[in-house]
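Annotated features in TrEMBL:
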ACT_SITE  D72  active site, proton acceptor
SITE      R14  site 'Important for substrate specificity'
SITE      T73  site 'Important for substrate specificity'
SITE      Q157  site 'Important for substrate specificity'
Amino acid sequence: MKNYNFILASASPRRKELLSIYIKDFKIITADIDETIPFNIPLEDAPLYIAKEKAAAVFHRLDKEDIMITADTIVLLENKIYGKPKDKLDAYNMIKTLSGKTHQVITGVCCYSKDNHVNIEFSDITNVSFTDIDDEIIEKYLENAEYIDKAGAYAVQGIASMFVEKIDGSYDNVVGLPMGRLARNLIEYKINLF
């Protein structure tokens, strides 16, 4: 097994928490990039595109024994991306639109080592079905501000869990980092995780 210093190129506390289940010691750096998706990129490929852009922005900061993980998550429904809401009204409209429907949560993940030994790229897709949500419940939920900085205006591990009727796929993916799949990929590369 090969040992690397792990770098998480994300400011997301949820990704940090998920990664810490497998890897106890890692550094966090942020990748400040323009997350605009080019018009010629299929919507389901958008998270992997953004994850690659984040990786390109921070790769030069890696040391020889470093391995970097980047990720991006979107909510996709009826050929429309629901990213992080701009404000409370935007969040209301997102939750209202997702109500009573099944949407996809897609996370693109990149994992590269500075020595080019590791080159992992994948997208993970989870189907999430919401119950019908009453307007009054949506209003009450939005008072909590949990929606801020969350794709689709919700955190499945928080209060919004009451909206979820069914999850088909990786729960960790909905949180923001499909750790089971990432861990299996790293083990295939003979990377020491724990």
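The backbone N, Cα and C atoms fix where each Cβ goes, and this holds for glycine too.
In this structure the C-alpha atoms belonging to R14 (site 'Important for substrate specificity') and Q157 (site 'Important for substrate specificity') are separated by 9 Å. Taking each Cβ in turn and tallying the other Cβ atoms within 10 Å, the top scorer among the recorded sites T73, Q157 is T73. Residue pair Q157 (site 'Important for substrate specificity') / the residue listed as 'active site, proton acceptor' shows a Cα separation of 17 Å.
Among the listed recorded positions, namely R14, D72, the Cβ with the most fellow Cβ atoms inside 10 Å is that of D72.
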